[in-house]
Amino acid sequence: MSARPSSFLPASSSAAARNPRGGTGLLILAGLLWGTGGLAGSLLASRAGLSPLAVAAYRLLLGGILITAYAAAGGRLGILPRGRAALTRITTSGLLLAIFQAAYFGAVAATSVGMATLTTMVGVTVMVTVGSALLDRRRPSRRALGTLVAAASGLVLLLGSPTAGGHRVAGAALALLAAAGFAVLSLDRREQPAGLDRIASTGLSFLAGAALLLPAGLVSGMTFQVRPDTLGALLFLGLFPTAAAYTGYFAGLHRAGPGAGTIAVLLEPLTATVLAVLLHGEHLDGRRILGGLLVLIAVSIQQMASRNTS
């Protein structure tokens with residue numbers, strides 16, 4: 001087994017023609033769009049009176065429909081393999097997506113968008129770094145460890161001092177569960193079954209995850225009054241931070257090479273913080289500014305590393 005460059009989020013093992021710049025651009029776009037997901041989901045929950053499970057089910061369902069429709073329009077569904085490996089990949093990914101989304105929105109409801117997003121992303125960076133090293137049977141490089149420390153420190157500084165509350169521990173536990181779901185999903189997608197199209201499998205995996213969450217979502221209540229604000233929040237959540245972001249993320253991973261996925265993961269909480277300041281008037285003190293700079297430094301290091309190893 002050849003050694004892989006250390007990274008937070010591993011990419012496909014395929015060494016097919018890569019376009020680092022194009023892939024990096026897609027990952028930056030994915031991270032920026034992901035950063036709007038927590039706020040959009042929180043807005044949908046508050047305006048429509050939906051539970052975290054219902055919001056997660058709606059996100060996976062609408063996102064899955066849009067991604068699958070895009071794959072069908074490009075003729076990608078007709079070439080999907082029918083073997084056990086493809087079915088296992090789609091089912092497993094659907095389960096992990098369901099865990100990730102349900103736990104994440106549960107953490108948002110128990111704490112806040114900022115705390116849930118940052119705790120999840122810190123967990124993802126650590127879990128995938130450790131998991132990738134174990135799977136590849138090698139130690140992370142000094143650059144990877146340094147980037148991890150800078151990123152984790154920056155994210156903690158961005159989080160600041162969250163207000164204490166009775167649900168804080170439960171929210172942190174849910175965020176770490178969400179991180180575990182996304183980390184395992186990322187590690188599982190290192191190897192792609194032969195003939196399985198990435199976009200088509202992503203869309204079908206989202207639909208599988210939605211099917212798993214729908215029973216619980218229906219029990220908690222998924223009906224809501226259709227108004228411009230609720231419908232707009234739902235459509236935005238399904239289209240931009242879900243369908244567009246995940247399609248761009250997996251395409252960017254394939255093009256940019258190992259390690260580049262960190263860019264999207266780190267930009268998500270940074271974007272969420274900026275939006276919270278702009279839209280909700282949250283105070284941006286020196287600590288959070290320093291945290292943002294550390295995250296940007298980590299993103300820059302990973303971007304240079306991904307170009308050098310592509």
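Yeah, the Cβs are placed from backbone N, Cα and C, and that goes for glycine too.
Unlike curated records, TrEMBL annotations are generated automatically.
What TrEMBL records for 25-158, 171-300 is domain 'EamA'. Sequence annotations record features per position, and here TrEMBL assigns transmembrane segment to 56-74, 86-107, 113-135, 144-163, 169-187, 199-219, 231-251, 263-281, 287-305.
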Are the transmembrane segment (86-107) and the transmembrane segment (263-281) close, by which I mean at least 3 Cβ pairs under 8 Å that are 6+ residues apart in sequence?
no
For the transmembrane segment (113-135): best-contacting stretch of 169-187, 199-219, 231-251, 263-281, by Cβ pairs under 8 Å:
169-187
Please determine whether the transmembrane segment (199-219) and the transmembrane segment (263-281) are in contact (criterion: at least three Cβ-Cβ distances under 8 Å, sequence separation 6 or more).
no
Candidate ranges 56-74, 169-187, 263-281 - greatest C-beta contact count to the transmembrane segment (231-251) (under 8 angstroms):
56-74
Can you give me the average pLDDT across the domain 'EamA' (171-300), rounded to a whole number?
86
Hey, which bits of the same chain come close to the transmembrane segment (169-187), Cβ under 8 Å, at least six residues off its ends?
9-10, 93, 96-97, 99-101, 103-104, 106-107, 109-111, 115-116, 119-124, 127-128, 131-132, 135, 261
When the domain 'EamA' (171-300) is classified with DSSP, how many of its residues are helical, how many are strand and how many are coil?
105 helix, 0 strand, 25 coil
